[in-house]
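What follows is one structure encoded as structure tokens, with my remarks underneath.
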Ligand code: LLP
């Protein structure tokens with residue numbers, strides 16, 4: 001049965017996805033460190049804290065719904081990635097996961113680079129002082145204006161995504177009297193999913209230039225022939241929320257083969273390869289993400305081995321983790337408004353946000369965890385569906401979870417691992433006001449993206 005069909009009627013046992021926990025966890029009050037930000041715990045009252053501040057105090061000061069981001073955790077993850085890859089590799093944080101000026105400053109301080117994929121992300125990066133040479137510019141349909149700005153400010157690389165773009169970027173660079181460093185994004189024929197990869201016709205998508213049929217080789221030929229471009233390497237991104245390294249292995253092997261072909265044809269060894277982002281995080285206790293150190297080791301071993309076999313010097317590797325850095329660092333705090341038990345089925349717990357602050361459950365059938373965070377409870381576990389306040393029944397935040405049976409209006413719930421692709425994909429559906437992002441560190445909380453106001457909404461409505 002397709003879960004996205006939202007069937008009416010079946011009992012909860014029928015709709016729990018395969019492999020989903022079917023029994024409640026032993027202790028609902030316990031917080032699994034795998035899914036919660038590093039400084040999250042409970043205080044002596046049983047109230048959950050982050051950065052030493054209780055969620056009750058956070059609600060009083062910032063309201064709900066709101067995203068609370070553990071700054072120490074964010075910085076620690078940046079350092080872990082930078083250390084794991086070392087000085088012979090580059091880590092580009094993928095800004096699409098979540099970008100704000102504070103984040104840009106943290107990245108800058110922790111020594112990371114930044115991947116942006118729009119003029120808006122580029123502006124955010126530049127306005128917070130990220131040096132242009134540490135920025136990579138992505139996108140399958142960059143506008144002429146975006147390209148011009150990127151070249152003018154001197155971004156470190158533009159990742160070319162199509163044959164048309166090779167010519168566009170070369171033309172803009174030449175007209176500005178510049179030579180732009182570029183990579184070519186290739187599709188390697190690997191389709192990566194969360195727990196598997198299927199080597200199918202993944203070329204059937206809008207991104208990149210296919211390795212198949214000699215297309216990528218032709219793109220390299222053209223890029224090398226144009227004065228406005230300095231081709232520094234090949235880029236591949238195979239997907240998102242991936243746990244299995246096998247997809248990266250196939251991808252790296254195919255990219256290295258292209259480097260060998262380029263050397264054979266042009267006598268040029270391209271110095272860099274970028275293996276993209278996509279490393280998975282734990283949304284529930286069932287997920288087992290890898291540590292950056294393991295990932296770095298696995299990737300560099302694959303690339304080194306393949307290069308040795310092809311007689312190539314090992315290129316400089318770069319990666320673009322987004323979710324793996326910011327995802328686990330934040331949770332969304334909600335207040336319960338209504339509780340609707342359906343005898344023999346499940347209980348609907350409505351919170352004061354929903355699909356406008358987390359579209360991932362509705363859009364991807366994403367799974368999340370949830371906890372009662374304003375108190376502990378000894379009540380029995382109860383199967384719940386946490387839903388939002390929007391005008392449609394697909395407005396689900398957490399499809400299947402257990403909460404204490406005494407959960408009641410006024411309780412605070414938190415959904416962990418919402419740092420990536422929640423605020424950045426938030427909408428004003430039903431004229432909801434997008435929640436703030438509050439960074440918490442060492443007993444201090446500060447707003448880094450403020451809550452929208454009705455004035456903000458009306459400002460765009462010119463009447
Ligand atoms: N590099 C490139 C070229 C990408 O396209 C992406 C993500 C990344 C890096 C970062 O991937 P990450 O490490 O964050 O998985 N909205 C979806 C995810 C879309 C990802 C798009 N590209 C979601 O909420 O799951």
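Yeah, the Cβs are placed from backbone N, Cα and C, and that goes for glycine too.
The structure displayed is predicted, hence computed values, not measured ones.
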Margin query: The substrate site in TrEMBL lists 323, 360, 364, 392. Which one of 334, 348, 421 belongs there according to the record?
Written below: 421
Checklist line | From 278, 354, 388, 463, the one annotated by TrEMBL with 320, 321, 322, 323, 421 for pyridoxal 5'-phosphate | finding: 278
Next item on the list: Counting other Cβ atoms within 10 Å, pick out the least crowded of the binding-site residues 364, 421.
Entry: 364
Next item on the list: Out of 323, 360, 391, 392, give me whichever of these recorded positions has the highest number of other Cβ atoms within 10 Å.
Entry: 323
